[in-house]
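Colleague: This is the structure I want to talk about, given as structure tokens.
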Amino acid sequence: MSKRAFNFCAGPAALPEAVLQRAQAELLDWQGRGLSVMEMSHRSDAYVAIAEKAEQDLRDLMAIPSDYKVLFLQGGASQQFAEIPLNLLPEGGVADYVDTGIWSRKSIEEARRFGNVNLAASAKPYDYFAISGQNDWQLSDNAAYLHYASNETIGGLQFDWVPELGDTPLVVDMSSDILSRAIDVSKFGLIYAGAQKNIGPSGLVVVIVRDDLLGKARSSCPTMLDYKIAADNGSMYNTPATFSWYLSGLVFEWLKEQGGVEVMEQRNRAKKELLYGFIDASEFYTNPIAENARSWMNVPFRLADERLDKAFLAGADARGLLNLKGHRSVGGMRASIYNAVGLDAVEALVAYMAEFEKEHG
């Protein structure tokens, strides 16, 4: 096999090589049973054991309290934009939302289809380069919940703090930074994350929801979108995304073997400090995000002359530095440096950036 490339894709994203090797080894014959996980009944004892271990490993990694359910659902994070108000926003009620970029705006637009949304805060006045402090937010007195995205994958804007709301449930989209650093799950009413960034392959969304928020779905909520029904059926009301669930479980095992979320946080800090440090010291590359709001996972940057973008990407591709093109709505470059992207990948990227600057700067 040729050398594996360094994959900076925002999602579907890099997976740990050890996980891919194990999945490859088990692909045709899972633990001597003579069949693939893809061929197993989700009701079989073997698969139920896989699913239960994945959940327990995630609980261990995140220290999830016992009064929270962990759901492995379908539809991706985008389906949660509707599922959350259908389950948590009563008819005639209001939900607070914070706008920090494209993904939080999508969640706001979807929630407005189901009820009243109060825009509690927006990064728009800062051109989405900074996040206002909570003292400047316009919170509702009786919000059913407050929703925000902890990390904006496209814009590279990340909260480095957790809102304090008293009794109002805090709902957070952690699709691109879950498991990247330690958090206190008990501060949140509901956490959700699409799998294809820091958890596993696409086709799966993980929802961590506090027990007291179950059973509140509207009568119009489809059965498949009701959290309580999902919880009561062990995330298997219908056939789940079995292979994605299995692979995510392998990632959780790998994370535990690496030392857990605390070790990931140390590694991720080193990666982001190296990359941002190089960008800030350069007169050729720029990142406009306020320092206290810079994403650890998704680092957008621009070249001094956008006419050089194609040459930069071609050179990166030739060196096995893949998927650095920025999102079409933002332009420029973006390096996504999730848990599975090692420090060696960031070192290789910085070396190339220095070489390109020397040649074209």
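Cβ atoms here come from the backbone N, Cα and C positions, even for glycine.
Grabbed the feature section from Swiss-Prot, which reads as follows:
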type: BINDING; residues: Arg43; note: L-glutamate binding site
type: BINDING; residues: Ala77, Ser78, Trp103, Thr153, Asp173, Gln196, Asn238, Thr239; note: pyridoxal 5'-phosphate binding site
type: MOD_RES; residues: Lys197; note: N6-(pyridoxal phosphate)lysine
Colleague: Looking only at C-alpha atoms, tell me how far Trp103 (pyridoxal 5'-phosphate binding site) is from Arg43 (L-glutamate binding site), rounded to the nearest Å.
Modeller: 35
Colleague: For the pyridoxal 5'-phosphate binding site, please report the maximum Cα-Cα distance among Ala77, Ser78, Trp103, Thr153, Asp173, Gln196, Asn238, Thr239 in Å.
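Modeller: The two farthest binding residues have Cα atoms 30 Å apart.
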Colleague: List the Cα distance (Å, whole number) between Thr153 (pyridoxal 5'-phosphate binding site) and Lys197 (N6-(pyridoxal phosphate)lysine).
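Modeller: Approximately 10 Å lies between the Cα of Thr153 (pyridoxal 5'-phosphate binding site) and that of Lys197 (N6-(pyridoxal phosphate)lysine).
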Colleague: For Asn238 (pyridoxal 5'-phosphate binding site), just count the other CB atoms lying within 10 A of its CB, please.
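Modeller: A 10 Å sphere around the Cβ of Asn238 (pyridoxal 5'-phosphate binding site) contains 11 other Cβ atoms.
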Colleague: Fill in the CA-CA distance, Ser78 (pyridoxal 5'-phosphate binding site) to the residue listed as 'L-glutamate binding site', as an integer in Å.
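Modeller: Rounded to a whole number, the Cα-Cα distance is 27 Å.
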Colleague: Measure from the CA atom of Ala77 (pyridoxal 5'-phosphate binding site) to the CA atom of the residue listed as 'N6-(pyridoxal phosphate)lysine' and give the result in Å, rounded to a whole number.
Modeller: 11
Colleague: For Thr239 (pyridoxal 5'-phosphate binding site), name the DSSP secondary structure in the helix/strand/coil scheme.
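Modeller: In the DSSP reduction, Thr239 (pyridoxal 5'-phosphate binding site) maps to coil.
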Colleague: So, three-state DSSP: helix, strand or coil for Ser78 (pyridoxal 5'-phosphate binding site)?
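Modeller: Helix, per DSSP.
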Colleague: Given the recorded positions Arg43, Lys197, which one has the fewest other C-beta atoms within 10 angstroms of its C-beta?
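Modeller: The recorded positions Arg43, Lys197 were compared, and Arg43 has the fewest Cβ atoms within 10 Å.
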Colleague: Going by a 10 angstroms cut-off between Cβ atoms, which of the binding-site residues Ser78, Thr153, Gln196, Thr239 has the sparsest surroundings?
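Modeller: Counting other Cβ atoms within 10 Å of each of the binding-site residues Ser78, Thr153, Gln196, Thr239, the minimum falls on Thr239.
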